[in-house]
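The next block holds one structure in the form of structure tokens; read it before the comments.
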């Protein structure tokens, strides 16, 4: 009678063990549908505030997680796999699976509180900057690399005026222009409900998309070419401008490393604000006080104080490690700065030795804006995203972006207009369009 060797016995036992495992897997799969139906029946019988559709979605996600862990467990039953390898695989699977749940909740939440309402299309090149008027009538203004500036009706998306007075990209001719125009707002049309538009936030765009096509500009838009006032003195591109409180003076920032303060009535240069080591990127004035903040590629931003006519003090702040793309005031005593170092910092004007909050992101930050009433910071990014944070650095939302809506290129600037019932946040970018968003701020803060 032949005697079976020890190695053959071990091989046969391992084969039987694998066979039993395969039978177990088939048995599990054969009852998976019944188990899923039973779990759904249990969900319907449970008391929960979550909608049934959302709970069903959660159930599907957890079922996927269970299957992934089950397969991973079976793969690692063989003694050849070390404990460390199993631990790493479990960690990776857990991280990927839980991300699905988090993304599912965030996508639903974002669509509920942040909706794209209007697209303002007509520029033939990227839009560098945009702003909303502070007095009636409230209109949207955009400045583009196509050498033009435009005024838009917020409600209808119609171009009200095209300014053609510059010879360079917006102010690439080294001048700042002041011009006047009597705006007549068109009758608003009903806004289409896009709250049900499907949105996949992480859909990517190829480099060849609709934004690369020729955009037809507004044909019936009136235009002007002659400014009422031309402000000269800069030796480089004028990259930003803002009104000082009272409206009698204007401050401009330039690539010549200086900011200039002008008298609007006489067009005369009042002060030249020098000291930055590299090109300026932005300037901003305080809404209630004679304060100016300038930002630069030299990684600093400077606070200029004109409250005392006899003393013009300046303070330098070095909180960033790369270009400071913008620094803006809030209504209170804060300054918020954004940078290419992928951070945003919140500062207290009374003690600016160190920031009171730091927001770290995954992409360079461009021209930020802070809402007046709730102090929500809107961050436009190089990676086409727009994110919302509160002043303590807590992330509130990411605006929806998919192949159907949102920006297709770098987002350059953001601007709040909280009092407008149609759109209360605006963004623009290198995809040649400005977008008006409706942010449900009470719901946004309630979810925080």
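Cβ coordinates come from backbone N, Cα and C, glycine included.
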Looking at 201-223, 224-246, 247-269, I want to know which stretch TrEMBL calls region 'Disordered'. 201-223
Residues in the repeat 'WD' (273-314) per DSSP class, helix first, strand next, coil last, are 0 helix, 25 strand, 17 coil
On the 0 to 100 scale, where does the mean pLDDT of the repeat 'WD' (317-357) fall? 94
